[in-house]
Amino acid sequence: MQIVASLTDPSQAATAQSQGADLLELRFDLMEGDPVDIARRCRAISKLPLIATFRSALEGGRYFGSPEEWAKKIAPVLPLVDYVDIEQQFARKSGLVREAGKAIIASHHTAEMLPLHVLFVLEQELRAYGDIPKIIVTPHNEDELIDLIAFTRAAKKPVCTGVMGSAFRYARAILPLFGSELAYCHAGVPAAEGQYSVAEFVALMKMLS
């Protein structure tokens, strides 16, 4: 399991590293300024691997562009990052990321909970173009959360699972115990509702281990 610090400002990189993050996610859709300059600033502050993300409005972010526009935005930052988050709607542009030798986090975020059989199909679809499938859903009751835990345990690895919102915030700490590869946290300002800070998550893992 690796801790990802989702940054909403490049100045948070130092805090994330000092608190114990393993990777830094650059949420370009939440940042002001040129993505290349932002990535360079983070490289100057920290040597941790970087994830480039333009989270679409459809999946909880603030990016509204087409796949073609997404490709134009991601191309200049490829020399500076190690991973690229690619939603399914942008999957046909994954070739340029592969050609650059970067790893792909193939992601899907939904405000609903998906049935178990759909989760397994989705995992295969994401793995078809990505190295790490990332599936973030929204359980509405404990039974649905148990299904998500069961999927996480049974799915092919590596896989990343998580929850949207704060209703089942504690699942963010539980899912890595059942095999989720990445745990997304914040380093000052949450990039998503319900995120723990890196420091909080490190403390939780120590208590649960």
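Cβ atoms here come from the backbone N, Cα and C positions, even for glycine.
Residues Ser6, Glu25, Leu26, Arg27, Arg55, Arg172 are recorded by Swiss-Prot as 3-dehydroquinate binders, and the candidate that the same record lists for that site, out of Gln88, Gln89, Gln195, is Gln195. In this structure the alpha carbons, written CA, of Gln195 (3-dehydroquinate binding site) and His109 (active site, proton donor/acceptor) are 15 Å apart. Cβ neighbour count for Arg27 (3-dehydroquinate binding site): 23 (other Cβ atoms within 10 Å of its Cβ, all protein chains included). Fewest other C-beta atoms within 10 Å: among the recorded positions Arg55, His109, Arg172, that description fits His109. The 3-dehydroquinate site in the record is lined by Ser6, Glu25, Leu26, Arg27, Arg55, Arg172, Gln195, and its two most distant CA atoms lie 20 Å apart. Comparing Cβ neighbour counts within 10 Å across the binding-site residues Ser6, Gln195, the minimum falls on Gln195.
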